[in-house]
Amino acid sequence: MPDTHLSDRWRLAWWIMLLQGLASSIPWNVFLFESEFFTLRTHQEPTQLQLADNFETVELLVVQTTMVIGFMLYVPFQDHLSMDLQVLHPQIVTLATMILAVVMTVAPHWSGTVVIWLSLASQAVLGLTNATICGGIMSMASWLPSPYVQGMSLGIGWGNVGVAALSFVTLWATPRNPHAVPSPADVAPAAFAYFLGSALVLALSIGAYLLFFYLPYVQHHSLPPGMQQPPFQVHSEVHGTQERSAAVATPAAGTPTPPGTPIPSLSRKDSANFLRSKSFSERSRHGAMSAEASQEQLLPSPSSSPMLGGLPPLATSLKRNPSAADGMLGGLHRDSSGQLGGQLSREGSQHGRGVAGEALGPRPGSSSSLLSLGVGPQLAEGNGIEEEEASHPDRSWHGSEGAGLRQPLLSSEPSQKLSVPASHASDALAEPSSCLPEDMGIGSTLRLLFWWNVVAILSASVSLTVFPGVTSALCSIRNDAVTAPCTPTSPAGRLFGDLFVPFGFVLFNGCDLLGRVVAGLPPWDQKPPSMVAMVLYTIARIPIAAVLLFCNVVTSLPWRLPLKFRSDWWPLGFLALLGFTGGHLQSLLYMHSPQALPRQMRDRCGPVINFALTLGYTAGSFISFFMMSALQEHR
């Protein structure tokens, strides 16, 4: 039998997921790292001084609050939103926001008040759109094997590193006079480059999004199980072998198909439009109907099979009563794992005399445990077991002599053997009613993802408690500053002056990216650590964050805590460790949390996990705000 395994040509789907992750992280990062530009522009008269003096804090609160609101609106209604509404339209709005920021950098006549309100409005829009973009992109990645979710995670890491490195290099290349105060005109060119670059990346990601749904590999994995188009072989001793698609309705069961008559199939364009324009509930409904319709044709009709004449459609029966499989299929062969297995085969003479059918059972030596008409391993996916179809491209079922059940099937038709790749048959038939999307509310999803959400909230809150609030106040031990900011120059060089904090940002984000890469290596690429280990891992990050408070923290008011680490290697090492563990944990969350849900439910994982991360980031931001205030000596 020909190899029906689909490969991701040139790893195009993986690169698209990486680009989507990159595009989702850049806008927020650019606004964060361009704080100097906004600090100078918001103070340009006429302005609102109270907002201008605390603009960075207000900006952070606005974006975090709107992201939380966005997720609160998004998560309950995700089932009714198409992928275009979740990703494409918000990306277009975000692109318009970046273009507005570009215009802001070339409009020096705008007052500080105008810049303040336009910037805060832009941040509010970014918070709302980023909620659906992050959730939608992870939903797209969740259709594919876990390395593609890691690709999205790596894109986020590359976005963080890229913006931090660009900020560091730009500052390094700009000679600074320690006695001169920069003007908005001095920093506008760098801001223009940042915002324009972000707009170009977003435009590219929009084009890549449209291409994503046309890829055969994506359609193979993301169409509902009943609508997947695995090429299965229909072999006839008279008419030869033809490839047909099981994607859409075919002639009624038992109706002979004349030789050469094509079976209708979804075109690639129709499949792409279906995936983009249909909501989760609509895709599930279409998939369920198509699954039942397509599977009925794998069964003999009452007229051609008296013995099975009273057998109801298998997909419907298994859905209504999964335990009825034994009664329906009688002595059908079971493999060593207890799963039903076999291949429907009919052999009849031209004169209408019934003969014994071919034995039902798996091909000898086959490692597969699926069947053409029964229960397969996808049933176990709801319990977190990863699909293995990528490693078994030749998985199929064939008759085995001398085993299983022999049935006299009376037919005057030529001999036909239908063989469906196991990875697809299971999707169409294996989901019991308890795993079907329509039976599973948001409460059930939250229960299945409960501990994953706990890890996400804890990990994000630990990171945001000290980054960037505390880390932006770290000065080199060789810097003689007593109150913020750090002295721009140092006898040891600029790296220990105004470049120390930007270098710390690059180090943190670089190690974050390294942690995301390591998450894709054995053994974590196949399965995550146990949930107990994940929770302990998250808690173990708290001391790493806490020790940064005892480094050389320089704030506008005297710092209450004593200086315990009198070498620059200590804060840099703590930053590296905190970044690595944060990236590693987040990538494990992205890669493996979808497996906690049944295959057809994995769309829901992205919004829920990203909502948990946002709650953690928001909690960490508030903890950081109050902690920084409490640890300074107020006079």
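Cβ coordinates are placed from backbone N, Cα and C, and glycine is handled just like the others.
What TrEMBL says about this protein:
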- 246-255: compositional bias 'Low complexity' (COMPBIAS)
- 298-314: compositional bias 'Low complexity' (COMPBIAS)
- 360-379: compositional bias 'Low complexity' (COMPBIAS)
- 409-418: compositional bias 'Polar residues' (COMPBIAS)
- 228-424: region 'Disordered' (REGION)
- 12-31: transmembrane segment (TRANSMEM)
- 57-75: transmembrane segment (TRANSMEM)
- 87-110: transmembrane segment (TRANSMEM)
- 116-140: transmembrane segment (TRANSMEM)
- 152-172: transmembrane segment (TRANSMEM)
- 192-215: transmembrane segment (TRANSMEM)
- 449-470: transmembrane segment (TRANSMEM)
- 499-519: transmembrane segment (TRANSMEM)
- 531-557: transmembrane segment (TRANSMEM)
- 569-590: transmembrane segment (TRANSMEM)
- 611-631: transmembrane segment (TRANSMEM)
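Counted over residue pairs separated by six or more positions, the transmembrane segment (569-590) shares fewer than 3 Cβ pairs under 8 angstroms with the transmembrane segment (57-75), which leaves the two as not touching. Within the same chain, residues 20, 23, 27, 30-31, 37, 41, 44, 118-119, 122, 125-126, 128-130, 132-133, 136-137, 140, 184-185, 188, 191-192, 195-196, 198-199, 202-203, 205-206, 209-210, 276 sit at least 6 positions outside the transmembrane segment (87-110) and bring their C-beta atoms closer than 8 Å to a C-beta of that stretch.
Only residues 6 or more beyond the boundaries of the transmembrane segment (531-557), in the same chain, are considered here, and those with a CB under 8 A from a CB of the stretch are 451, 454-455, 458-459, 462-463, 465-466, 470-471, 473-477, 479, 481-486, 563-565, 570-571, 574-575, 577-578, 581-582, 585, 588, 628, 631-635.
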